[in-house]
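Colleague: Per TrEMBL, site 'Transition state stabilizer' is recorded for R19. The active site, proton acceptor annotation in TrEMBL covers Y24. Here TrEMBL flags N75, H81, D88, V102, S103, R112 as substrate binding site. Under the heading active site, proton donor, TrEMBL lists H101.
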Amino acid sequence: MSKSILLINGPNLNLLGTREPHIYGSATLADVETSAKQQTERLGFSLSTFQSNHEGHIIDRIQEARGHCDFVIINPGGLTHTSVAIRDALLGVQIPFVEVHVSNIHARESWRNHSYLSDKAVAVICGLGVFGYTAAIDFIAQKLDPQKGS
Ligand SMILES: O=C(O)[C@@H]1C=C(O)[C@@H](O)[C@H](O)C1
């Protein structure tokens, strides 16, 4: 059974490519997910993807992953800065996760500097644009199977 990764994107990330491209770039969410699926296939892992604009739906998807997923990559969008409940869900299912932000949240408005997840994340990647997702997958590949990462 191949190791599995769940990629979760939160509110407004479905607008990637058209939303404030000077901050978030021109790649669409479909581009991100397609690239991630190709990358994980090359590495011999399985990838599930999920995007929602609704906090509860994200929590439900995290809970569904318990026992079925080896690592989570999550960009909670704006919920990064507000959601204790998503933090609790990730801790509750005990699945390690990498937090990704397309933009550098530490170089933006002060209220974006805080994440409710970062202190519990295995790693936090921000400011790399959508390459952050690629980096997260490669990092996780090394964690799950040291022979596979680059
Ligand atoms: O950089 C990102 O991917 C994050 C995405 C969002 O939608 C914002 O609300 C966050 O503040 C930053």
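For all residues, glycine too, the Cβ spot is worked out from N, Cα and C.
I'd like to know what surrounds each of these features in this structure.
Modeller: Sequence-distant contacts of R19 (site 'Transition state stabilizer'), defined by Cβ-Cβ distance under 8 angstroms and a gap of at least six in the same chain, are N12.
Under 8 Å, Cβ to Cβ, and six or more positions away along its own chain, Y24 (active site, proton acceptor) finds L16, G17, V102, S103, G129.
The number of other Cβ atoms within 10 Å of the Cβ belonging to N75 (substrate binding site), over all protein chains shown, comes to 26.
DSSP assigns H101 (active site, proton donor) to a strand in the three-state reduction.
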Colleague: Given that the record lists N75, H81, D88, V102, S103, R112 as binding substrate, what is the largest C-alpha to C-alpha distance among them, in Å?
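Modeller: Max Cα-Cα spread across the substrate binders: 24 Å.
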Colleague: Helix, strand or coil: which one is Y24 (active site, proton acceptor) in, per DSSP?
Modeller: helix
